[in-house]
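**Q** Below is a structure I'd like to ask you about.
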Amino acid sequence: GFFQSYAVEVDVKDASNATCLYAKWMMRFLIKYETNSSDYKNTTLNLSSSVTHNGSVCGNDTQAALLAVQFGEGHSWSVNFTKTNETYQGDFITLTYNTNDTAVFPDAKRKGPVTIVVKDTMRPVQLNNVFVCHSTDSFEAENVTQIFWNVTVQAFVQNGTIGKKESRCRADTPTSAPTVPPTIANVTTASATTLSPAPTTAPKPVENPDTGNYSLKSGNKTCLLATLGLQLNVSQDKPLLININPKTTSADGACGNTTATLKLNDGNSTLIGF
């Protein structure tokens with residue numbers, strides 16, 4: 001159920017009722033918060049089926065564009081976009097979650113809205129191009145992990161028409177071996193030689209993951225130890241096996257009186273929480 005969430009689609013219009021800012025995406029938030037018993041709990045904040053976009057702004061040459069949404073019991077999220085003569089890009093992402101929402105934050109010690117601001121890592125996109133990223137991306141700051149996927153966005157839309165050309169994120173771009181053009185030598189050899197069909201080989205199985213040792217400290221004492229090899233089996237468009245590499249994986253988390261949390265981040269935005 002990790003990828004089950006509501007999709008958001010926002011179409012901001014200018015004074016002439018022409019589209020000036022368009023976005024469609026999916027997101028969710030993993031939040032660690034303190035309870036009244038001084039323990040820390042992890043919770044998931046998902047978008048509700050009812051989302052508003054009050055306060056969204058078209059933007060222009062001197063003013064940043066703003067995409068703002070509100071959902072659930074007092075939660076909101078926004079990103080602003082700036083532009084140059086040729087490009088636009090995301091600037092800052094702001095999340096405000098409300099711990100008075102007892103369904104999401106039961107027994108929260110701190111009551112009321114909490115605001116988190118992070119720098120958007122979106123690359124500059126050519127004006128009149130649509131930024132598309134189907135892959136999962138995440139930002140982590142102040143006990144909050146923001147997760148995004150299936151993103152389509154265009155700021156500073158020109159003439160009210162969404163661009164036809166896409167700018168894809170790095171994670172969506174497949175890597176392939178360079179194509180070697182034929183030369184006179186290899187063309188001549190091929191035409192003069194009877195070639196046997198290449199033997200078919202079964203795909204190479206994914207090796208077992210390496211075992212990693214992870215630990216957490218509470219003050220100067222170790223409070224959690226884990227020794228494990230970890231492999232993810234992701235089944236979306238097609239099955240994909242991913243081994244978590246202990247050499248590039250860092251451990252984070254917290255130990256409480258009755259709960260402990262271990263978070264593993266492999267440096268490629270793969271975050272797993274136990």
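Just so you know, glycine gets a Cβ as well, placed from its N, Cα and C.
Because TrEMBL annotations are produced automatically, they should be read as predictions rather than curated entries.
Below, the features straight out of TrEMBL:
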- 190-205: compositional bias 'Low complexity' (COMPBIAS)
- Cys133-Cys169: disulfide bond (DISULFID)
- 12-157: domain 'Lysosome-associated membrane glycoprotein 2-like luminal' (DOMAIN)
- 209-271: domain 'Lysosome-associated membrane glycoprotein 2-like luminal' (DOMAIN)
- 164-183: region 'Disordered' (REGION)
- 190-210: region 'Disordered' (REGION)
**Q** As a quick check of your reading of DSSP, tell me how many residues in the domain 'Lysosome-associated membrane glycoprotein 2-like luminal' (12-157) are helical, how many are strand and how many are coil.
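**A** Final tally across the stretch: 0 helix, 87 strand, 59 coil.
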**Q** Hey, of the disulfide-bonded residues listed (Cys133, Cys169), which one tops the CB count within 10 A?
**A** Cys133
**Q** So how many of the residues in the domain 'Lysosome-associated membrane glycoprotein 2-like luminal' (209-271) end up helix, strand or coil by DSSP?
**A** 3 helix, 40 strand, 20 coil
